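Down below is the structure, laid out as structure tokens.
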Amino acid sequence: MKRHELPRHEVQQVICSLCGTEQEVRQVCINCGVCMGKYFCGSCKLFDDDVSKQQYHCNGCGICRIGGRENFFHCSKCGCCYSIVLKNSHACVEGAMHHDCPICFEYLFESTNDVSVLPCGHTIHVKCLKEMEEHCQFACPLCSKSVCDMSKAWERLDMELATLSDSCDDKMVRILCNDCGAISEVQFHLIAHKCQNCKSYNTRQI
């Protein structure tokens, strides 16, 4: 069965479930005086008695969000609300939240699940990012940049490769670094190729 969708912003009339009076959208019934919702948003036509969600309306987003206005800020370039802890540290990507999660394909802009902003600026559900890490996937699904500090992993790989003999010392290949975008010419190796610019092993042969 197809899910029914209500165009909230187009709603003009509501009916009180207590007295049955039809009226313009409002928080308190014009006839019996009952409060239709402890939280009320006249823009979104949203009623909710569970105020523990800390709902608030964001004019920039044009929708109601949860979590408390004091805990979030609206980024005009990204076009969405982010946690206040990211205010001076996130990479801006235009319309960053106006697409589906690259893992579960839920529309991120309207999602009520926690969202993580990757160092590259792309966004993904926190739970989906954790699932990626559990499967040893540490690159952004959209741009392939590393999603966390991989320097320790690259150091371990340095030590591992130093103990392996390579029979292709004379073969050179061109590689593109997914992290810094630099192109390098390095000796071919069956295991991995190291960027000569940023020392990352997050590279691909070109």
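The chain as shown is numbered from 1 upward.
For all residues, glycine too, the Cβ spot is worked out from N, Cα and C.
On a predicted model such as this, the values are computed, not experimentally measured, just so you know.
With a cut-off of 8 Å between Cβ atoms, the residues of this chain six or more beyond the domain 'CHY-type' (1-34) that come close are 40, 42-47. Here TrEMBL flags 1-34 as domain 'CHY-type'.
Taken from TrEMBL, the feature domain 'CTCHY-type' covers 36-100.
Taken from TrEMBL, the feature domain 'RING-type' applies to 101-144. If you look at the domain 'RING-type' (101-144), the same-chain residues 6 or more away from its ends with a CB under 8 A from one of its CBs are 61, 63, 66, 78, 80, 82, 86, 90-93, 150, 153, 178, 202, 204.
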Report task. Check the domain 'CTCHY-type' (36-100) for me and report the mean pLDDT. Result -> 93
